[in-house]
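**Student:** One structure coming up, written as structure tokens, with questions to follow.
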Amino acid sequence: MSRRLVQQLTGQASIFAKQGSARFTTCTQSLQAAEPAPDQTVSAAPRPGESSPAVSDVHRGPTGMEACIANLIEPGEKIVVGNSGIWGARVTDMAARFGGDVVDLQTPPGTAFSYEVLQQAITEHKPAVLFLCQGESSTGVHQNLAGISELCHEHGTLLLVDTVCTLGGIPLHADAWGIDAIYSGSQKVLGAPPGAAPLFFSERAFQKMRNRKTPVRSYYFDLNLVGDYWGWFNKRFYHHTGMVSNWYGVREALAVVAEEGLDHLWQRHGNCAQMLWGGLTSMGLEPLVENEADRLVTVNTIKVPEGVDWAAVNANAMSKYNVEIAGGLGGTVGKAWRVGIMGYNATPANVELVLAAFRDGLRQQGRL
């Protein structure tokens, strides 16, 4: 998290502490004003994806995924899940719990889905929803979304995309690409505190939600009720107690993104990924994702060479450099390291620190 966000949040906390309940009353009144902090946050939320949504929201933590599944899938409806790693596996499980007829479309770890494979699945199954993960953080795969929405809409299918580790780090054009639903995470590229999940619905997704034949199976995730809380339907209704501190954090993070500009933000992440791989390649390390076009720049996966104790490299990086190098996740456990280049960490100095930790850890095992 950047120093600016820390100062913003601690400043709010210190004001509350100094002025007590009177300040709380003032803050409560401000949240009921014409453009309160939550509404400002929601109105800004789509910008990293260059979109004009029918509905946007800032939900709590990992609930963006569940909110999309709960509202867009009715019992018995078919969903094709592009399962390229742990997050596709989670959607497969979650959709089944909500009564969906799940088609678990799998691809080997480290590979993305081709247009032809997705075309065949949609043509055959004609699902209500197609799920894809733009950035699968367990495998480091970047899923190309070009042309997929046209394929979906031809068959009456909504396109749902996970952008938790990609929003702000790589291009995402929600309107131009015809994406129907997007959820993300506050703590990744945006650099806000964890616990908030920006969420986007297109007009198509919004109408699907509003015209359901059955009630949403979750009260908490029912966006028709949440919409009343946010004033989507020209009224206000108490649904839950909002996470006000998270809204302030997300709003400030979006302000930082807007000041830097999306083009510069995307370029900064791409440049840092190139720098990382330049250093890793010089050490003889190889990417888990063989096809360069499918490599994710925000979460980079590196093959663990045979005979190398990957956990020892990680432990040395943490104890000596105060750097956390993640191990594999799901099907890549023991097979790969994962290095996140996101937001505040996407700087040449931080990349060089990671490279220094790798050099040292490999030398200790006689690999350099």
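Heads up, the Cβ atoms here are built off N, Cα and C, so glycines get one too.
Annotations per TrEMBL:
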type	residues	note
REGION	32-61	region 'Disordered'
DOMAIN	68-344	domain 'Aminotransferase class V'
MOD_RES	LYS188	N6-(pyridoxal phosphate)lysine
BINDING	ARG338	substrate binding site
**Student:** For the C-alpha pair, I'd like the distance in angstrom between LYS188 (N6-(pyridoxal phosphate)lysine) and ARG338 (substrate binding site), rounded off.
**Tutor:** 14
**Student:** Using a Cβ cut-off under 8 Å and a sequence separation of 6 or more, which residues in the same chain sit near ARG338 (substrate binding site)?
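**Tutor:** Once residues fewer than 6 apart are set aside, ARG338 (substrate binding site) is near SER137, SER138, GLY140, VAL299, ASN300, THR301, ILE302, ILE325, ALA326, GLY327, GLY328, LEU329, THR332.
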**Student:** Inside 10 Å of the Cβ of LYS188 (N6-(pyridoxal phosphate)lysine), count up the other Cβ atoms and send me the figure.
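**Tutor:** Other Cβ atoms within 10 Å of LYS188 (N6-(pyridoxal phosphate)lysine): 23.
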